[in-house]
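Annotated in Swiss-Prot:
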| type | residues | note |
| --- | --- | --- |
| BINDING | Cys24, Cys60, Cys89 | [4Fe-4S] cluster 1 binding site |
| BINDING | Cys161, Cys165, Cys168 | [4Fe-4S] cluster 2 binding site |
| DOMAIN | 15-130 | domain 'MTTase N-terminal' |
| DOMAIN | 147-392 | domain 'Radical SAM core' |
| DOMAIN | 395-463 | domain 'TRAM' |
Amino acid sequence: MENSLKSSGKPPAAPKVGMVSLGCPKALVDSEQIITQLRAEGYEISGTYDGADLVVVNTCGFIDEAVQESLDAIGEALAENGKVIVTGCLGAKKSASGSGLIEEVHPKVLAVTGPHAVGEVMQVVHSHLPKPHDPFVDLVPAAGIKLTPRHYAYLKISEGCNHRCSFCIIPSMRGDLVSRPVAEVMLEAENLFKAGVKELLVISQDTSAYGVDVKYRTGFWNGRPLKTRMTELVGALGELAAQYGAWVRLHYVYPYPHVDEIIPMMAQGPLKGHVLPYLDVPFQHAHPDVLKRMKRPANAEKVLERVQRWREICPDLTIRSTFIAGFPGETEAQFETLLDFIREAELDRVGCFAYSPVEGASANELDGALPDDVREARRARFMEVAEEVSAARIERKVGKTLKVLIDEVNEEGGIGRTAADAPEIDGVVYVEPAAKASKRYKVGDFVSVKITGADGHDLWGEV
């Protein structure tokens with residue numbers, strides 16, 4: 001029998017999946033892993049709703065505003081495309097009736113999973129949009145698909161958290177701490193550096209607790225033993241970064257005793273300039289009574305002593321932190337204690353939230369809830385003090401020559417960051433255009449910049 005079907009000579013078009021990623025850097029890494037797996041299996045990634053065969057929405061459910069943003073994004077994806085898979089923290093949230101919140105608000109979604117559920121997401125994708133073919137080994141780069149610029153990337157070392165802070169519901173959505181195998185983390189870091197990443201941002205819910213869940217089990221990397229522990233991991237990442245002339249930046253660092261072991265790496269020896277003198281430490285408050293209600297470590301005096309000791313060892317250390325103003329039961333005197341702490345600690349970069357009740361958080365049961373206007377007024381007063389402190393510290397950099405990583409180049413010059421500035425949350429350096437061809441720079445370059453001015457948050461300088 002003659003076959004009447006003739007080949008067009010072109011392979012069938014690959015199915016396309018759209019991706020909407022909301023929330024924190026940890027959620028962004030989840031999205032990157034999903035996209036990486038999709039590309040590995042031959043799917044294409046669509047940048048538009050109408051160009052996609054279905055859409056995956058990675059949600060955030062930490063605070064009420066984030067919940068609403070996620071629900072709105074799901075609704076938009078349903079309206080524009082119609083086929084939507086939902087993943088992320090909001091997927092683990094229940095409504096007042098006890099059923100899934102997303103399914104109750106948007107019953108037409110194809111499926112809902114919780115956070116860090118790449119396998120589950122892929123199973124649902126397969127059931128609604130079969131994968132086109134078995135992938136070639138080199139279809140996706142070893143570093144995976146990233147949503148960040150090529151010169152920096154986030155490295156997530158664990159999932160979940162063992163803390164039970166009264167204002168937070170993350171453990172109920174992401175579970176208890178689960179540390180990634182240390183060799184797996186190191187391999188990902190190496191692949192990222194090989195791909196041209198100049199700055200690796202180490203993230204998790206609690207970076208300092210890395211390895212606690214596996215009792216600091218010893219793994220192996222490049223034929224040598226390596227403990228699944230923060231200190232050893234940071235040292236190994238610093239050594240790897242030094243080979244590629246890159247930076248390692250630490251986020252979500254709780255001030256456990258062994259953090260003291262990290263500071264010398266930042267200040268001296270072969271890792272100086274690679275393990276950045278930068279710590280993102282979420283202190284949240286300074287008054288012991290408020291910290292106890294938050295179910296947080298409650299000794300601000302010891303924290304001040306350690307901050308001072310860290311700076312004695314590493315004078316260039318930048319400390320970023322976040323705080324909550326207007327927590328239930330917070331008195332004016334307790335708030336003043338917080339302001340005094342900010343002045344004395346001289347933190348470089350600070351963020352502050354007016355307390356907002358989060359559905360499911362135990363803090364909702366505390367007495368002494370403050371009116372919205374009081375909470376917001378305290379947040380504003382806090383930021384006024386914090387910005388004065390930050391501006392004074394930034395002003396000291398004028399006249400110095402600093403190493404800057406270029407993030408953007410335009411007609412007016414470049415925009416970059418120093419070791420003291422994490423992307424998107426800290427300040428930037430506006431760099432004058434290079435006058436000589438020998439001094440021209442591009443995105444991802446490290447350049448030496450003489451700082452000529454400061455405005456309280458950002459810096460200006462010339463190559």
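The first residue you see is number 1, and the count goes up from there.
Just so it is clear, glycine is given a Cβ too, placed from its N, Cα and C backbone atoms.
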Using the structure shown, find which entry in Cys24, Cys60 (the binding-site residues) has the sparsest Cβ neighbourhood within 10 Å.
Cys24
When you measure from the Cβ of Cys165 ([4Fe-4S] cluster 2 binding site), which residues in the chain that are at least 6 apart have a Cβ under 8 Å away?
Gln284, Met294, Lys295, Arg296
Cα-to-Cα gap, Cys89 ([4Fe-4S] cluster 1 binding site) vs Cys168 ([4Fe-4S] cluster 2 binding site), nearest whole Å:
12
Environment of Cys24, Cys60, Cys89, the listed [4Fe-4S] cluster 1 site - residues of the same chain whose CB lies within 8 A of the CB centroid:
Leu22, Gly23, Lys26, Ala27, Thr59, Gly61, Phe62, Ala66, Gly88, Leu90, Pro115
So among the binding-site residues Cys89, Cys161, Cys168, who's got the most Cβ atoms within 10 Å?
Cys89
Pull the DSSP breakdown for the domain 'MTTase N-terminal' (15-130) and write it out as helix, strand, coil residue counts.
53 helix, 24 strand, 39 coil
Take the domain 'MTTase N-terminal' (15-130) and average the pLDDT across it for me.
89
Beyond the site residues Cys161, Cys165, Cys168: chain residues whose C-beta lies within 8 Å of the centroid, for [4Fe-4S] cluster 2:
His163, Arg164, Phe167, Ile169, Ile170, Pro171, Gln205
For Cys168 ([4Fe-4S] cluster 2 binding site), which of the three DSSP-derived states applies: helix, strand, or coil?
coil
DSSP-assigned states of the domain 'TRAM' (395-463) in counts, ordered helix, strand, coil:
4 helix, 31 strand, 34 coil
Under a three-state reduction of DSSP output, how is Cys161 ([4Fe-4S] cluster 2 binding site) classified: helix, strand, or coil?
coil
